[in-house]
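A short worksheet on the structure shown next.
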Amino acid sequence: MRKYIPLVLFIFSWPVLCADIHGRVVRVLDGDTIEVMDSRKAVRIRLVNIDAPEKKQDYGRWSTDMMKSLVAGKTVTVTYFQRDRYGRILGQVYAPDGMNVNQFMVRAGAAWVYEQYNTDPVLPVLQNEARQQKRGLWSDADPVPPWIWRHRK
């Protein structure tokens, strides 16, 4: 019985562990990083579970432009649980209409599933659809994932 106590405490503390930010997107840095105004302070958000092409990489600017068209200047909701080693909030971003932006970017072929860290079971399904439909970066015969591209540089 004692071995279940930490699990029960974790489950009941879950709502406390996650938080939301509601704010206007003041900057789109790339296809997976935005800045949101939260209480008069810009907060950097890294979209969790996805990895978009780097700006200098093939499809990088296109991915950034896609993100801009979705959220730039708009009020979004960010649900998050933690920060990364750079201090960015790792968050799930929702557009004003409730659309899951992280999932949209993968579905459009504007980002990869960050498989090493992914916790969203829907994303691999969306990525397979995008690949089969040759959407976005999947129109390339052999797209290079950003984590490999960064390693080569």
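Please read every residue number as a count from 1 along the shown chain.
The backbone N, Cα and C atoms fix where each Cβ goes, glycine too.
Arg46 (active site) counts 22 other C-beta atoms within 10 Å of its own C-beta, drawing on all protein chains shown. Look at Swiss-Prot and you will find Arg46 (among others) tagged as active site, backed by similarity to another entry.
Annotation note: Glu54 (active site) sits in a coil segment as assigned by DSSP. What Swiss-Prot records for Glu54 (among others) is active site.
Under the DSSP three-state reduction, Arg88 (active site) is assigned to coil, being neither helix nor strand. Look at Swiss-Prot and you will find Arg88 (among others) tagged as active site, backed by similarity to another entry.
Residues annotated as signal peptide in Swiss-Prot, with sequence analysis given as evidence: 1-19.
It is 13 Å from the Cα atom of Glu54 (active site) to that of Arg46 (active site).
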